[in-house]
């Protein structure tokens, strides 16, 4: 399958370590047909060293298209091999991680967001990825790292990577990363969001595509970003913690599809078939708890949600099938909740990006030595 036959990626769900696994993506696709889904970041080394066990890391159901594989790494040979090994799985795009601030990754791993300080290497990595796949390639990055956070330094990174490799799509988390002294969670909240940097990139690189990421939590906010000129919007945690309301409104509100009238009960019936088919596929894993985990936000703020979670905790101790788990726990949720279609999207800020245009930095001008360098 080629990416071209899918809808434009106006909306995508961010790659989140230990969250956007096969189970989550299966559930997400049951709710939204059009959202673009990303894998968790998979290290190139993992793919290379697990060569005999690749299904466990790379396999996905055909219904998950459009789906993007995100890889991380800092060794060109392994990046090339990993891309080759992933090719038969038929992902729709390969994305390279230059945004993860986790100490494990950016610290001794020396990849993730630290690579923003080495655009020449990133361009080489992207060229290697593109040479080993026949689908589009993209980079996910931040707007800066530590003190390297001027708009010009960000442009320098984008310019070098795009002019020295086939990269034409950048997903930009609109805050910088701080590598020392704060946790990955704090890196999502402490550095301020600078949406003006994102919109300046859209202005200064008209031949590239930019997806905006960071701090966007509702459908209203997604639409506000697009209205302001974003080429696409990536949402992370709210698509995980409240999938029903958020993903349930993507197809109709962002893509203009007719309302699906889907109910949570229908989603759970299909998910049960999937869940019971994968339990114990790799020895003891996945277990009931792992398969159910993505569903824990499905009844977000609905009557019965607290009781359902308490029942779930108890059921994890002894249920050996998804069917028996549902039989034991779903009695906590009223039929009216299970059988009603998706409600209107939760309201969000529609003026979130209005000020960005007033704060735009000076346009980026490529210096002559950079033209020579390119």
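Glycine is treated like the rest: Cβ placed from N, Cα and C.
From a predicted model like this one, the values you see are computed outputs, not experimental measurements.
In TrEMBL this protein carries:
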DOMAIN    13-319  domain 'DUS-like FMN-binding'
BINDING   15, 16, 17, 70, 140, 173, 213, 214, 215, 236, 237  FMN binding site
ACT_SITE  100  active site, proton donor
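The structure, with features from TrEMBL marked on it.
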{"residue": "15", "record": "FMN binding site", "CB count, 10 Å": "26"}
{"residue": "17", "record": "FMN binding site", "CB count, 10 Å": "16"}
{"residue": "100", "record": "active site, proton donor", "CB count, 10 Å": "26"}
{"residue": "140", "record": "FMN binding site", "CB count, 10 Å": "27"}
{"residue": "213", "record": "FMN binding site", "CB count, 10 Å": "25"}
{"residue": "215", "record": "FMN binding site", "CB count, 10 Å": "18"}
{"residue": "237", "record": "FMN binding site", "CB count, 10 Å": "13"}
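It is 16 Å from the Cα atom of residue 215 (FMN binding site) to that of the residue listed as 'active site, proton donor'.
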